[in-house]
């Protein structure tokens, strides 16, 4: 429109050369006004297009995060369903208490091998196809468990399921952190934790739904339902792109630029992000010597890397040693101790636990990029400490009365709710953020190993320890460990909200650097709130 105005103006000057000056100026003024109006129209249209692009980018990254998190549904479903299925497996296959502990807890230990292999496989084949491998292995394990005629065959299926889950748990947060824009990375990287919780809830609902069937059939149907999410994962792999950071590591820079242009709003941001990734990745590193160098660096770390490892590995271990998996796996046992009787009532009560766990994860998603990681960790660890202590009290002092039952159920729900608000999702967000790119996959795998070892130890020893010192005594110990986790968060966890992955790496370079920058950030936020 502006160009038309100029052309018309030029023609008008020639045609109206003989007219008085006033008329000519009047004509020019009219054209000028039309041109200005056209510019304003262009600005409004550009702003509208920019908003549309921003919205579509957000939807695209959201879809990628959802699809990448589907493997986590498998883990959650397995954890939830096994808490109820074990009651019927015990009845059907006549397994001992020790076999029960091994069957429930071994998944976590076996998944370590999947997590360790996952780091290496994802560096070689890419983040995307590692997720596909995870789903196939899990599906095979779930099918074998469903058809198992004996404890031994059940353990073979459990082994395969554990390997698949180890792959999936390690790779999803890494992939999402690498594909998400900085401003929303915390929310998106929490998605695997949401889907774990959703899986647990579905597992509890499945237990309740099939608990009326004969013992021989019910647990097989419960386990078979876990195969369904794998079908969606196959579909998802056709849609989601490869991680741009992995593509840069493979020297496929143009492909990385294409992916970044779909996940960032403007060209300048794409180029800036690409330059940051290239700098962080260093030279292309597909070789074996580089793989050895990564492990050498992790095993004899620099002071900065040591601080990252303490933070990442520590938060992963604390997430589990506060007893969350014992609470989830053995919630029917805990509620039975409190005085609830009958399988259907017990499994119905566990659905309430699942709802609390899943509902509060949504609170974390809404707050993680607004409030920050550290405040959520404080709320979570302090709340869990109180709930675990109250649960210990209710199981020891108010046993089997209606008040004891209500308090125990409330404490279990409170504990899983506080877990979901903070340490549940933030733990995975932090470990996918804090490590440098060249070490990220392997270091995240190490963190996942720590997480799974602690989970396995707790799940495989809970029944034996509870018999030795009572269920109440076990929860008093969990409460004391949870109090220690508050101190750990205060001393070792920096705030990473709103920083690019490359800026976070710089935080750890100086021992006091992240503490100082955190104080400054806090001051700024305080001033903003006052203003």
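Using N, Cα and C of the backbone, Cβ positions are placed for all residues, glycine too.
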The annotated transmembrane segment range in TrEMBL, which must be one of 469-490, 491-512: 469-490
The transmembrane segment (346-368) touching the transmembrane segment (221-240) per 3+ Cβ pairs under 8 Å rule: no
Contact check, the transmembrane segment (404-431) vs the transmembrane segment (60-90), 3+ Cβ pairs under 8 Å, seq sep 6+: no
